[in-house]
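Step one of this worksheet: look at the structure below.
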Amino acid sequence: MRVLASAPAKIILFGEHSVVYGKPAIAAAIDLRTYVWAEFNNKGAIKIEAKDIKVPGLTVSFSEDEIYFESDYGKAAEVLSYVRQAIELVREEADKNGNGVTVSITSQIPVGAGLGSSAAVAVATIGAVSRLLGLELSNEEIAKLGHKVELLVQGASSGIDPTVSAIGGFLHYEKGNFEHLPFMELPIVVGYTGSSGSTKELVAMVRRNYEEMPEVIEPILVSMGKIVEKAKDVLLSELDNEVRFVQLGRLMNINHGLLDALGVSTKKLSELVYAARTAGALGAKITGAGGGGCMYALAPEKQSEVATAITIAGGTPMITKISDEGLRIEEVLP
């Protein structure tokens, strides 16, 4: 028996950093997917085949007798620890620890770009292996197992990434509680800088500033929380999509300015953001912790132009859209 499952990447639409201080955030699944085949093996072991885990920005240098790989392959290896924990958790849940399982991974999601590649591979693995072992789990139950995987590997996790990946669509998050928001099409372009910042260090930097200047930083965080609630109102409204696009774009631009004020933007991120806006995006902002990673732009009828502008500015564009589907069982073969 073989099972194929897939799970999507995610972006934080609004609320990164302020969510650490109890403010709400909105995240969404996007139509870039990780695919996991699962099947039994007769060795009683866990075997992981990573076909094409993507590490963008690969640079290879050649000298007379050596080849230097200048990419962080530690990030790709880190993904495999999520896969192993996911398989072990599902085998425990199914009480089938002795079963050998082989998983084969292919992915459209770049590693280390802040798009939830680790959560997607964990969720897809849980989905495929649970079906293989005859364990019937809802997507909500799979999201909880995905959160448990993150806790085991990372030591801390809000649960946003695996929940969005398992359930799909838009999720409003506040103080540990999730609310699924109505779906609407958002034509977006994600731009990757080619580098990633340390979430831990960036969160610590904002914390230092908050502790030293609470009267300055607190109003910024409050404003970011209000942006999230306004964005939620827009998503819940029955206004025409064109009107909602314009309103969401304005909120994105304001949110980016506040993130810049917190010090988490970089020259490259700002270049991609402003290139996207100049090319016709209604809004563009950082998604995730900042310090590198990705931005995203809302670009109805302008995705190609915005993608070209991001490329010219030195980024890697990914034309995509919000995915209403989370985890999918794609195929089951006897």
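Every residue gets a Cβ built from N, Cα and C, even glycine.
According to Swiss-Prot, the protein has these features:
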- Asp161: active site, proton acceptor (ACT_SITE)
- Pro110, Val111, Gly112, Ala113, Gly114, Leu115, Gly116, Ser117, Ser118, Ala119, Ala120: ATP binding site (BINDING)
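Recorded features from Swiss-Prot, shown on the structure.
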residue : record                       : DSSP (3 states)
Pro110  : ATP binding site             : strand
Gly116  : ATP binding site             : coil
Asp161  : active site, proton acceptor : helix
For the ATP site built from Pro110, Val111, Gly112, Ala113, Gly114, Leu115, Gly116, Ser117, Ser118, Ala119, Ala120, further residues of that chain with CB within 8 A of the site's CB center:
Ala9, Ile109
Can you tell me which of the binding-site residues Pro110, Gly114, Gly116 is spatially closest to Asp161 (active site, proton acceptor)? Compare CA atoms only.
Gly116
